[in-house]
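Reviewing the structure listed below.
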């Protein structure tokens, strides 16, 4: 049976050749063009699911009939090459792959001599894996890119060499690191069975399951011993075995429990206890682990040979040149604005350029505006722009920002604009004219080696402006130029030449010398301390949240009392850095010296120093030094932000990129998420090279992980193809036929193999073993997400569900769910477990990704609909939810379910209020059969509530309906004790989050470059400051929250009306 989708003619040539369509059956053939080394061209009909090896044999049978066959070598001397779907030249070394999995851009295969260079083979594999050919980096001929790649290749090789000496146990710790947490929540002991754990263990290839009670403080090797004793008791003595011959593996997962940590510290066991589930283990023989280890060592040794064979020869030593430091140059900084072209404005429109020097968001001197010129193609200025700052005072990370503006008469704006949308961007109104932004571009004043830029440069600009601009410039924008040069506005700028010798920013030792020189002078020692009388004032300033602005006097006070800040208030460092005059070399030198003796900050506080406001190289190195104190689990919590702030780094080689690579290469779990966070954005032009070379470095240092990641990439490509076909044909096919066609596709061998036995990108511990095709479906929403269900082959394990989305940006969902996980962590640290359920979500590409399915759960809408015959009345049935819980729980289980509901409802009430989560209807609030309530779909956050005709549809600060209260009160109207406890939980949870308000503001600020539609400027983060009442006392803040709680309760009828409308629409569509 062939796939019954009908493709449009335009797609039939490419897409459905490799996908599944109505014209080519799964066992059908397609015409493929073959190009031989002799120049001969052959076309053959080839089965689309044939392996590369089979196709080569087919071709070889035919080449005998063509001229110059005698010039060809043996068949094994050749392999095929093609251009794949990502425009990467790929050599098909692995001949077990199917043609439909290779998916050439066009059905053309070139026969090439098999490469003997193992380095080239690795390069080809890396290019395919990261979705960007390494030849693209070579073709840039960029000295910085080449230097970084060379250093990272050496760095990766050193990491690989360090693996060679590892024991198999050390390798296991690094490859499959166990997740554990030393601190134990207070309420965990209440959920043990008389202070004991019950665990289930079975041996591989054995159906017997042994359950026994153990102490939560027992270590894993003791569990091995007890399991062996149980087996001996039942089956008698067999071969002599030792508990050290086995390792505990979590059933159904690639997760191992080993080492000296007590059982209760392992995350898996802790989760089982919290969820009242039975921890289930398999005793795996160590020899099996050793075999995996040996296979990876073989791959590692091959990689060492590959890397070393492909390393470029070292360059001959350069002659030592006399260099000058910029601190010796007291001349004003100036450039020449030569010309601009491709401005995309009418010939009569006048254009000017604004230029400014920034350090972070601080303007170092007044902006400069060029004269106004007009022109058809080129706009000629040849105009010197002199800035009010001397070269010696330029900080190392100074950036030069340009913006091109069209100058239009107010009355002629509509007729004069060619492509400008005046209403979209901020404008300057002056002297009866309006200045509209056309393009912007930024560049660093010093290059990656610290040399002051010289000579002519062409800056290809960007045309999309952010909502909020500084001085009508975009200092937070990238310093990379637009790679799409063909249509981009280009500015020709000339930096001053220095004919004698280049100017460099002083090295670190010169900076410290300068600071010592200043410190020895009488004037410097007068005012570094202020005495006790200033400390209360200083403390009040330093206690403010990160969004609070400092006035000039406050900044002077902080700088004056910098020694007091270091000794008494080390957490004041961010505010001290905002108080320094970065356009004054003396202050900068003193700060760098002070930074060397500044106490290390806790990692959570140091995160703020990676914000855009702190671009200084040594500050960021200090921040990374603080982050090194983080455990792997804590680092994973903030990895999303740490990847985003790479965009703030102006140069490729920086402390942060090295730190992330180092930790990723030391922990494969971190490595997997770093890989996907980078790869999901590698298509973005501004970061394509930066993220691409970091991905290359990770792959070179973790060749053993490449096979796992390649399997995931292949599976996601298959899902994307399937989803595209479903969307193309959803209108033509009814749901039943569409689902049948989907199942037909999934049953094909190419899809079945690609989508089976892979580690889940959402969680590397989870194995997606075998699709349960009959339960797979696509959903009704616009983008037709794929709902996939996997059977778990291991005894006693539930099925695993994942949703694949293609066409929706999941990064905002990722951010919101990360915040929910952090809230859960902070509450647990304070002894409050609110049973949160932040499910997995991962962006894996351009508007595509995966979402974890929470098993045994239903939406509020479905629960209500199933309890009523009339859709309009369903939303007002307050008994529906409680009755549903009673259907699945009784007795003590029902009491526990209501407790779970009460706690989780409190958690999500507070979380949705603090984060400003909008669009809350009955289809994006769900409940598990065990009682846990949780929210899904976070398309609107930070108070961006949906509105219609200018009227907000959501009037309540958070969702608290009477059917929720009915469950909390156990169905008893007068049960004020239960409701009072619920309210107290909400208030406690709110105050706990408020105490960590600065952390939430910092994390959102670090995401400003992510390009999320509802997080584009600092103004968006202001919502958090307001919801957490950070400018008020704790009493005032609690009073504000109590008012919001009462408002949610009082206005809950409006929620029910919205839910009724939603339920009626849903019922009508179904």
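Note: Cβ is positioned from N, Cα and C throughout, glycine not excepted.
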Annotated stretch (motif 'Nuclear localization signal', per Swiss-Prot) among the listed ranges 392-400, 401-409, 410-418: 410-418
From 854-880, 881-907, 935-961, 962-988, the residue range that Swiss-Prot assigns the feature region 'Activation loop': 935-961
Stretch carrying region 'G-loop' according to Swiss-Prot (options 778-784, 785-791, 792-798): 778-784
Region 'Catalytic loop' range according to Swiss-Prot, out of 844-852, 916-924, 925-933, 997-1005: 916-924
Tertiary contacts of the region 'G-loop' (778-784), as residues 6+ beyond its ends and Cβ separation under 8 Å: 723, 726-727, 730, 735, 738-739, 742, 803, 805-808, 1069
Neighbour count (Cβ, 10 Å) for residue 324 (phosphoserine): 14
Arithmetic mean of per-residue pLDDT over the region 'Catalytic loop' (916-924): 90
